Amino acid sequence: MTISPQYIWNQVLDRLKLRLNPTAYETWIASATVQTFQDNCLVIQVENPFILNHLQKTYYSLILEEVETIVGYPIAVKLTTSQEQNLRIVDKNKDNLSSTKLQNKRQQESPKLNQLNPRYNFSRFVVGPTNRMAHAASLAVAESPGREFNPLFLCGGVGLGKTHLMQAIAYYRLELYPNANVFYVSTEQFTNDLITSIRQDSMENFREHYRTADILLVDDIQFIEGKEYTQEEFFHTFNTLHEAGKQVVIASDRPPKRIPSLQDRLVSRFSMGLIADIQVPDLETRMAILQKKAEYENIRLPRDVIEYIATNYTSNIRELEGALIRAVTYISISGLSMTVENIAPVLNPPMEQITASPEIIIQIVAENFNVSVEDLKGSSRRREISLARQIGMYLMRQHTDLSLPRIGEEFGGKDHTTVLYSCDKISKLQKKDWDLSQQLSELSDRINIASRNQN
């Protein structure tokens, strides 16, 4: 007798309901539905990526245990989202799609689009008084690159939306023109590419790559300070693109004139277009950001909770959204209802980043990735160890004042170029990988807590 997928899942739900507190069950499990049971694999669909991420981290082993108990033998369980399911349905019926839909599908599969964070688009950017000009200028550049505001210089503190707007410009153009040469890079990536081309005697390839861009977007240009040869090469790249009517967009945490050791001619070039300043969002904008974030992640938030978080987290958007995730996670784990009284203990006061010891950082990263401290300090190239080591280097750069060579020493005598590569890689990955970004935020919180307790 063949057991139906629905029967299996109904039995699993009944067992999970007994093992979990009611709030956790209703929040994370109840809405999940069974899709198929083929080739010893049960496919379970959930509503959104946020729930998917939490289930995989927190409840996957429990679900697998109960499924195997019902079935009676080892099988695989795959968790998926409704968005992924819809994409598969579209693919199966592609012969019936209009030419417009086929074109959109091809655009979504563009390799350049895949390098961007799909959450960083114009529709998800909340406009307020402190970022209105930057948003309007970015949209104008996306619609008609090279005509107005060239270059566009986005200026603002950490976590205020500069990267969001830059990637939104790239996303907008690539959706319309998948084959356009739209390059979004960090200043460190530009520098690393330059160093590699010098070592490999391939400067012509480097120049051809960057100087044939239709739109060049360079993030964190403040890190060009003190790099004379990088400034020289970027100056000529800028001139070539600008003279050809191509668009250049630059982002920095400070205006051009305040970037130390920046060549005067670059200050002049960066200032010849529009410098759009982004300030800390006001209370109403912060509340709107939280509301939109909750809607996209399918989270129900009482208005007083939104107002409480928005009132207490004022520095930047990244901190604001991190507080929301902490509150939702705490409520789901504790089984409490979502009220100001229940979330206040974990959110108030806001977690401030403090200087941590290298030992604390390495220990927390090792525990998180289930590897040993010796693994992190060793030379193993196993994927899970290598990634954990790179994340450890990135976090050490964020939470300490150590130089790159000193960080390398803490990880078993690694070269400073290895540390730079690792930090740049994780910095770029977190901008397009929401799960990694949240993981880094959680690790930072643990590092801060451990450091505060040590002090």
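Backbone N, Cα and C atoms are what each Cβ position is placed from, and that goes for glycine too.
For reference, Swiss-Prot has these:
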- 1-73: region 'Domain I, interacts with DnaA modulators' (REGION)
- 73-114: region 'Domain II' (REGION)
- 115-331: region 'Domain III, AAA+ region' (REGION)
- Gly159, Gly161, Lys162, Thr163: ATP binding site (BINDING)
- 332-455: region 'Domain IV, binds dsDNA' (REGION)
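Sequence-distant neighbours of Gly159 (ATP binding site) (same chain, six or more apart, CB under 8 Å from its CB) are Ser315, Asn316, Ile317, Arg318, Glu319, listed in sequence order. Sitting within 8 Å of the Cβ centre of Gly159, Gly161, Lys162, Thr163, and not among those site residues for ATP, are the Cβ atoms of Gly156, Val158, Leu160, His164, Leu165, Ala251, Ile278, Asn316, Ile317, Arg318. All chains included, 27 other C-beta atoms sit within 10 angstroms of the C-beta of Gly161 (ATP binding site). In the predicted model, residues of the region 'Domain II' (73-114) average a pLDDT of 51. Using DSSP to sort the residues of the region 'Domain IV, binds dsDNA' (332-455) gives these counts of helix, strand and coil: 89 helix, 0 strand, 35 coil. The secondary structure of Thr163 (ATP binding site), as reduced to three states from DSSP, is helical.
Counting every protein chain shown, the Cβ of Lys162 (ATP binding site) has 25 other Cβ atoms within 10 Å. A simple way to gauge crowding: the CB of Thr163 (ATP binding site) has 21 other CB atoms within 10 angstroms, across all the protein chains here.
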